[in-house]
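Novice: Starting off with a structure, shown below.
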């Protein structure tokens, strides 16, 4: 029988509920338990696939093709498990299911209400995750902040879960802000007290409070939180401002796994954190700083490229260097200033992104110039998704001399080097129209991609609708572009490279989704190694 941990947040958003949940997942997995993680998001979008990166940050794609919240990237990196579409449930999806059932007459003409129909649908998703994953522990993060009107059905649903499953099978963990007031040199517990009081008014008594704070908290503060939150002092955990990847180690040092095992009546846990300790050692050994220029469209919100930046840092630690990212807005790069913006670059990365007709000036030409600068100056280059398409178009224009080479996604052109995938008809719809999830990529022998992966093929995660136009492949290949990774079944290009350069490679899929702290993605690892050699 599965046991459940629900993680809520209070006072303000952005406190690190996802990192907290992930860290707990690490501890429990290191204790020999099977863990499954999911997140409930209160917004009414069916999924985040059509949301602006400025609103939502990165869209993380699971192997089964679900477009999900960026927190799932944290979950997968921390617990080293591939999650599924059942790991991210939105209010939009819940209400859509309820309305569809009502239209089919499944409620026998009854009045459809938030309680019990919406809450039952939410609980169904929790229990379905338990039955399909066969996990020992289901960790569920509730998005938003306690008290938000949008999250009330989820709070009510998880209250009912404890009633149905029993106190020894359910834990409520609450992450709350404990601000430090510099003027008085005090840590204030009042916001947390009020947040827990709000939670109590909704029928939930938290079992563990995670105090999110800038400064370490002394015993007096911990005792005060415990007193006013009705919990033992040992059940107050502290999360200070450290690198997110270190949170699990900090939780381990506070015996979070012991607290959880007592609350859930688990057998005595033997937690082996040796793998994470090795990773922490790598971080501590990484002193040299290497700068990589990332030329992207949404750099004002770095969370839009969260998995990319995390993958770079992980690869850096693997090679005992710290990666510093120089964020360059693609829209700012033009022929007058590209030399200035990109000079002294040791490595250039152009990540994914989307654009639309009439807005091709919003960054795409800047990405093309970045690709050209890297190629002409023999700078290690790595392109991802839209970044690969930019690299192919740049090569077509400046090496093959196809001056009007472009993407049909952006503009009408006689030479659509990038065109819509056959079978993906053009449509005004946005949601659910992409090539999503894992597809088998075959690597061409004696290429850089084949060397880096060390295998003939593998499944890679895609999120796109446009591809290299096969009508131009022969011309591009004759000019020196190598198509080193292919989806053979439909003859689609997945990886390109230029062999005469130390590292000039781009992938149509998203390698950043598969990096793990002790297992950097091979393409990121190879790119960072090339940058180190170029320093």
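Positions of Cβ are set from backbone N, Cα and C atoms, glycine also.
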Novice: Can you find which of 29, 39, 224 Swiss-Prot lists as binding UTP at the same site as 13, 188, 189, 190, 191, 192, 193?
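Specialist: As annotated by Swiss-Prot, 13, 188, 189, 190, 191, 192, 193 share the UTP site with 224, chosen from 29, 39, 224.
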Novice: Write down the one residue from 76, 331, 409 that Swiss-Prot lists together with 54, 353, 386, 387, 388, 389, 465 as binding L-glutamine.
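Specialist: My reading of Swiss-Prot gives 409 as the candidate in that site.
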Novice: The ATP site in Swiss-Prot lists 14, 15, 16, 17, 18, 19. Which one of 69, 71, 80 belongs there according to the record?
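Specialist: Within the candidate list, Swiss-Prot flags 71.
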Novice: Name the one residue among 15, 19, 389, 409, 465 whose Cα is closest in three-dimensional space to that of residue 188 (UTP binding site); these are the binding-site residues.
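Specialist: Nearest in space to residue 188 (UTP binding site), counting only the binding-site residues, is 15.
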Novice: Any idea what the Cα distance is from residue 386 (L-glutamine binding site) over to residue 193 (UTP binding site), rounded to a whole Å?
Specialist: 47
Novice: Tell me which of the binding-site residues 54, 149, 353, 409, 465 ends up closest to residue 190 (UTP binding site) in space, Cα to Cα.
Specialist: 149
Novice: Have a look at the recorded positions (15, 19, 149, 385) and report the one with the fewest Cβ neighbours inside 10 Å.
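Specialist: Per-residue Cβ counts within 10 Å for the recorded positions 15, 19, 149, 385 bottom out at 149.
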Novice: About how far apart, in whole Å, are the alpha carbons (Cα) of residue 465 (L-glutamine binding site) and residue 224 (UTP binding site)?
Specialist: 55
Novice: Could you measure between residue 17 (ATP binding site) and residue 192 (UTP binding site) for me? Cα positions, answer in whole angstrom.
Specialist: 15
